[in-house]
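**Q** Before I ask anything, here is the structure I am working with.
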Amino acid sequence: MTKMAASIVEHGEDAFRKLFKFYKRRNPPPDLRDVIDFSKMVKHEKVFPTELNPGAVSDAEARRAGLRPIRDWTAFGLQGYPGFIFISNPFLPGSQQHWVRQCLKTYPEKPNVCNLDMHMAPTETQDIWGRSADTLRKTGSRVREPKTLLEKLRWVTLGYHYNWDTKTYSADHYTPFPSDLHSISGHVAAACRFPGFNAEAGILNYYRSDSSLGIHVDESELDHTRPLLSFSFGQSAVFLLGGTQREDPPTAMYMHSGDVMVMSGHSRLLYHAVPRVVPAPKGDPLHPSLEEEGPGSDQGLAQGEATLIQPVSEEDWAVCSGYIQTSRVNMTIRQVLGSGQAFPAMDTKDKRIDMGQMDGYHDNQDGENVGLKRRRSDS
Ligand code: OGA
Ligand code: MN
C-alpha cells in the first residue's frame, strides 16, 4: 500500500468510508497505484490464480454465449476473501458488443423497470433507445442539453424487480428474465462450481464518468448460498471490496470492460462500492477488447449451431460506442430463491409500493446509503 492510502486507513474507524471518499475525490485526483489491476497481473501479494471447472460447459455451449472455452479463462482469487473470483474478460472477440447493445437497447424496454419510470409517465419511458439514438449518433458523447433518455438512465431491473423502497423482491413483481442473460449467467456460475444457478433478478447500473455507487451489501436475496455475478462493460471503474463490518478496510481493484466478478461463500455478503469511474485516455476512449472484430455473422459456429449472441449492426454500434466512450454499464445477476423455495406469504396490507417517492439513486458524498433510496450519486 502506498503511504497515502495507508495513512487513510490507519485511523481505523469506518475505514471503508474513508477510502471511498479518497477514491471518489475529484480535486486533486487520487493516487491509483494501490488499485489491483488483474489485467496486468505479474505478481501481487494478495492475488493468486484460481482454478475453474473447465468441463462445466462445453466449448460449443460457451461459444454460443460469446464466451471463450473455460480452460482459456484467467481467474483469480484474493487473499482474505474466500469465495471471491475475478475472471479477466472471458468474452470472445466481438461478443461484448452484444451485451452492450442489450443493456442500452433491449433491456431498458418494457416490461423491465428503470429509474425513469419513477417520475415519468409510462408512455414517456417507452422506446428509450428510439428517442435517444438519433441525437447520440449525431453528437456522440459531447456534453449537450437536454440530455437524452439514454443518458438519464441509471438503473434497470430484470426478472424479480428489486423494490428500492422496501429492499425486497416479491412474487407479484416479476417479468420474464432475458434468456440470453440467463444462459451466460448459468455458464459463468457453473464454471465457478455453482451448477444449477438460476438467474432470477438483475440490476443493471449505468454510470457516467462522474457516477459512483455507495457502500452496501446485497442481502435481499433469500438464498445467500448462491453466488452474485457481476459483468462490466465500457469504461473502467475502481471497485472496493470490504469485509463483513463497516470498519474493515476494503481492497481496491479495477474492473475493465469484459471483466466478470463472482461473489460467493464468505464473500457473498461483504460490503462493496464503486467510488469512481476511471475514463480511458482521451485519444483512445474504448477498451481494446471493444475494438476487436467478431468472427462475422456466422459467429464461427458449426452449421446448425444456434447462437444467443446477435451481431450488432453498424448503425446500433455507432450509438453504443458513443455512449460507452464516456460511460460504464454493469449487470449484477442474482438468484433470489433457493431451489424449491418460495417467497414467504405476505400480509397484503404490508405491500407498500410507493413508486412516487422513488426517484433516487443518490447517496451523500460519503458513500453512505441515504435511507431507502438508491445508493447512487452522480456527484
Ligand atoms: C450492485 C453493485 C457494482 C457495479 O448493483 O449491487 O454492487 O460494479 N454493482 O456496478
Ligand atoms: Mn452490490
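Placement of Cβ uses the backbone N, Cα and C atoms for every residue, glycine included.
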**Q** Using only what TrEMBL says about Fe cation binding by His216, Asp218, identify which of His161, His272, His287 is listed for that site too.
**A** His272
**Q** Pick out which of the binding-site residues His216, His272 has the most other Cβ atoms within 10 Å of its own Cβ.
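**A** The residue with the most neighbouring Cβ atoms within 10 Å is His272.
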**Q** Give the mean pLDDT for the domain 'Fe2OG dioxygenase' (198-337) on the 0 to 100 scale.
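**A** Averaged over the domain 'Fe2OG dioxygenase' (198-337), the predicted model reaches a pLDDT of 91.
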**Q** Have a look around Asp218 (Fe cation binding site) and count the other CB atoms within 10 A of its CB, chains all included.
**A** 17
**Q** Take the domain 'Fe2OG dioxygenase' (198-337) and count its residues per DSSP category (helix H/G/I, strand E/B, coil), listing them in that order.
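**A** Split into helix, strand and coil, the domain 'Fe2OG dioxygenase' (198-337) gives 20 helix, 48 strand, 72 coil.
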**Q** Around the Fe cation site (His216, Asp218, His272), what further same-chain residues have their C-beta within 8 angstroms of the site's C-beta centre?
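**A** Everything else in range on the chain: Ile215, Val217, Leu270, Tyr271, Ala273.
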